[in-house]
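The structure appears right after this line, and notes come after that.
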Amino acid sequence: MKIVLASKSPRRRELLSNLGLDFEVIESNVEEFSSEKHPSRYVMDLSFNKAMSVAKKLKEEAIVIGADTIVVIEDKVLGKPKDRDEAFIMLKNLQGRVHTVYTGITIVRTKDFKYVSDFEETKVWIKKLEDEEIFNYIDTGEGYDKAGAYAIQGVGALIVEKIEGDYFNVVGLPISKLFDILKREFDVRLL
């Protein structure tokens, strides 16, 4: 069955490619807005909007995967930084503390529009850093298109002290949960 990733995220693309999956990417282009207040419901709502918007456009039978990731610290949602100063403030706020990364995933089968939404959460601790180290990391440029202003799979690995939970969730797609839902709910087997 055709698999479609409803995301422009290069990291999600890379994760699915690393699994050896044959898939197509179709960006959803939906507004990233949800009235949901709880982080898990918020990311599931956004992932649903992305997946369903792409599923409705398809003429052929497919499985559509939508995802959305946010970083939360003390009930404050951190999105992608707008500039260097905002990236510095985010990383300064995250250092020496624990935050939670939430990723919502929604899988839609276009044949009957059956869908399943779920989420994963992972705790991440960022090391205490000198201001110069924070600016040096920001100047790598890799954190600008990522929630929380860092990329655990890149140079950002140097600033992460430890994680508790699914590493791939922090990258942007909880692979194990995706595998389980595809198998259990849609009889799509990746192995």
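The backbone N, Cα and C atoms fix where each Cβ goes, and this holds for glycine too.
Just so it is clear, the model here is predicted, and its values are computed rather than measured.
Annotated active site, proton acceptor per Swiss-Prot: D68, in sequence order. Annotation comment: Swiss-Prot describes R11, T69, Q153 as site 'Important for substrate specificity'.
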Within 10 angstroms of Q153 (site 'Important for substrate specificity'), Cα basis - recorded positions out of R11, D68, T69: R11
Cα separation, T69 (site 'Important for substrate specificity') to R11 (site 'Important for substrate specificity') (Å, whole number): 12
Under 8 Å by Cβ from D68 (active site, proton acceptor), same chain, sequence gap 6 or more: E32, V43, L46, S47, K50, T103, G104
Fewest other C-beta atoms within 10 angstroms, as judged across T69, Q153, which are the recorded sites: Q153
DSSP-derived class (H/G/I helix, E/B strand, else coil) of R11 (site 'Important for substrate specificity'): helix
